[in-house]
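**Q** Dropping the structure in here first, questions after.
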């Protein structure tokens, strides 16, 4: 058992292409299923956090059984099983690892260290031996009954007992661990009851169908987890590190920021890296959904899991172990399971009432007719047992999480990361979208188009001063000014006391003097008023360079519209989703972009103004806010759902409920379509699960169906629900 690690802060959840340290807090539950196993420790009110990988789970109901087993232990504050990644997470006041492992084992499952290699799969024959044995015994029993009825009955009893033994043993384990109404318990009671009333053939058939259903559910669950498994497989196990001019093969966990690695043509990056080679093409489709290889130049960042298409490349490692793009997406998947949709929480609560209620109905059906109306005991005991099997909530329990997990996985394949079912549900309801302009509707790489200095200062001096203040800033306009100075090979002085003025600009001390870079209109500039008006009317953005309250000049910049912006807006309109631009830019520059796209706009907004605008719009209909900067974060928080562009700042990415990693606006359209398809899928699944139960409830009471058909209906509903959810993965 490995020693717990100490962690202290939380990594941005959407910074899929930024090198950041991954941290686990006891308040940050990972919930999806790719478990790390060595228990991890966090110092906060929730005590210590431990995590393991769980083996033996076939469906979401299994995850709940493990949770129930651990929840009964003293000292446990919180427990959650992330089915998609097969991970158990426990927050406890003290070290209870041994007790947790014992409790899970008693419930019929096993735990292993998170860093341990996956257990080798059992052979097909060994895995299916109980099912094969039961099928053979059933065939023999049927044959014997045809020739000798008493011997056939004895054979069916023997078959039932052989099939019942492992199921009843598991039922007892689950009862001891707190799962009183598990399907194993219902099956055991039904099979024993069927033997009691002489329905030996049906008792055996019930168990056979149950085992077949378990195998089908296991297969469906593995298919649902394939997306996560494929993502985990993107990272190679080893990397080639260059040290002192020599190559060495090392495990990827030993890589640290600053290490230099080589990746051969066709090889995958083991960590996020900065390209040191002159240029190269990378296939990033597994992470972003971008099918065309991406060209990268020296200094560009490349995410872990990307494939070098055509040449040997050298990179500098940027990410810590466990903090690469792939790790952060897996972390997101885990967190997504914690942020369950309201409908999922409702179904979970309903299913907890549903099974005991059906059992009570079954008991009444068994007792009332014989006691009050002198009906046949055998007939009504049989009907009561059949109702017991109808009471299994498996299909209902997985109806929502199966669809949501598939929807989230399908979105991730297309480069859209969504923070869980709650965000997915909100996204499906969106009927209007508010866009930031710079970096969202535009490429976010503006260029300097004009420099107009005041009398007594040259263009190069003005640009140098502006670049000194803007150096290190993340805003696209700031980067454009610095880039222009670098291209002109100007010597940029070091600025001190740099401070961002949210919604206004940025200021710093340069050569002992206060210099402010701000938007036109944020500071008086009468001498340049006519020129500013002319430039803004042409759709350009103008910034002022102010030193000690004196305007030294203006710099004009212009961005280009994203290539797919017009198409995305048109497709959103076709979905009945209206768009509006909310920007801090000047009204004339905003009007130029809005005119090209046919959108309404509000310009010159401070962050608080954006929040007010979003709040007002959100009152009329659910609104999504799409942005990429620090000034967009408050508005994203105020919207029904915030969506960040993948190239955005860490603040925007953390605040957002979803992100487009590939920076294509058409991904927003696909995201909304997928969210709506997921909701339709959930409704279909609930209809299938409850509809089949309702039909067989009626037919059972009318005496039209019996035990084995009830099991078939339960198994069939579970398989149908899972298969229907998997359709989302094939959606294009």
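Every residue gets a Cβ built from N, Cα and C, even glycine.
A quick note: this is a predicted structure, and the numbers were derived from the prediction, not measured.
Under the heading Mg(2+) binding site, Swiss-Prot lists 436, 438, 628, citing experimental evidence as support. Marked as domain 'HMA' by Swiss-Prot on the basis of sequence analysis: 48-112. Residues or ranges marked as site 'Important for metal transport' by Swiss-Prot: 693. As annotated by Swiss-Prot, topological domain 'Cytoplasmic' applies to 1-124, 168-179, 223-356, 405-685. Residues or ranges marked as topological domain 'Periplasmic' in Swiss-Prot (evidence: a curator's inference): 198-202, 378-383, 703-707. The annotation transmembrane segment is assigned in Swiss-Prot to 125-145, 147-167, 180-197, 203-222, 357-377, 384-404, 686-702, 708-729 on the grounds of sequence analysis.
Structural setting of the listed features?
**A** Look at residue 436 (Mg(2+) binding site): DSSP puts it in coil.
If you draw a 10 Å sphere around the CB of residue 693 (site 'Important for metal transport'), it holds 22 other CB atoms from the protein chains shown. Mapped onto three states, the DSSP output places residue 693 (site 'Important for metal transport') in helix.
Cβ atoms under 8 Å from those of the topological domain 'Cytoplasmic' (168-179) belong to residues 64-65, 68-69, 71-72, 103, 106-108, 185, 187-188 of the same chain, restricted to positions at least 6 beyond its ends.
If you average pLDDT over the topological domain 'Periplasmic' (198-202) in this model, you get 88.
Taking Cβ pairs closer than 8 Å, the topological domain 'Periplasmic' (378-383) reaches residues 193-194, 196-199, 365-367, 369-370, 700-701, 703, 706-707 in its own chain, all 6 or more past its ends.
Here the topological domain 'Periplasmic' (703-707) has long-range neighbours at 190, 194, 199, 202-203, 205-206, 379, 382-383, 385-386, 389, 696, 713, meaning same-chain residues at least 6 beyond its ends whose C-beta is under 8 angstroms from one of its own.
Panel annotation: around the transmembrane segment (125-145), residues 151-153, 155-156, 158-159, 162-163, 166, 201, 204-205, 207-208, 211-212, 215 of the same chain, lying at least six beyond its termini, place a Cβ under 8 Å from a Cβ of the stretch.
Below 8 angstroms of C-beta separation, residues 130, 133-134, 137-138, 140-141, 184, 187-188, 191-192, 194-195, 200-201, 203-204, 207-208, 210-211 of the same chain, each at least six residues beyond the ends of the transmembrane segment (147-167), sit close to that stretch.
Cβ atoms under 8 Å from those of the transmembrane segment (180-197) belong to residues 61, 65, 157, 160, 163-164, 167-168, 170-171, 174, 203, 206-207, 210, 355-356, 359, 378, 381-382, 384-386, 388-389, 391-392, 394, 707, 711, 714 of the same chain, restricted to positions at least 6 beyond its ends.
Long-range contacts of the transmembrane segment (357-377) within its own chain (CB-CB distance under 8 A, at least 6 residues past either end) are made by residues 181, 186, 383-385, 387-388, 390-391, 701.
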**Q** Return yes if the transmembrane segment (203-222) and the transmembrane segment (686-702) have at least 3 CB pairs under 8 Å (sequence gap of 6 or more), otherwise no.
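**A** Counting Cβ pairs under 8 Å, fewer than 3, so no.
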**Q** In whole Å, how far does the CA atom of residue 438 (Mg(2+) binding site) lie from that of residue 693 (site 'Important for metal transport')?
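**A** So the alpha carbons of residue 438 (Mg(2+) binding site) and residue 693 (site 'Important for metal transport') sit roughly 53 Å from each other.
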**Q** Between residue 693 (site 'Important for metal transport') and residue 628 (Mg(2+) binding site), what C-alpha distance do you get in Å?
**A** 48
**Q** Hey, what's the Cβ neighbour count for residue 436 (Mg(2+) binding site) at 10 Å?
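**A** 29, counting other Cβ atoms within 10 Å of residue 436 (Mg(2+) binding site).
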**Q** By a Cβ-Cβ criterion of under 8 Å, what residues six or more beyond either terminus of the topological domain 'Periplasmic' (198-202) are in contact with it?
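**A** Sequence-remote neighbours of the topological domain 'Periplasmic' (198-202) are 141-142, 145, 153, 156-157, 160, 378, 382, 706-708.
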**Q** If you draw a 10 Å sphere on the Cβ of residue 628 (Mg(2+) binding site), how many other Cβ atoms land inside?
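**A** The answer is 28 other Cβ atoms.
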**Q** Looking only at Cβ atoms, how many others are within 10 Å of the one on residue 438 (Mg(2+) binding site)?
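**A** Other Cβ atoms found within 10 Å: 27.
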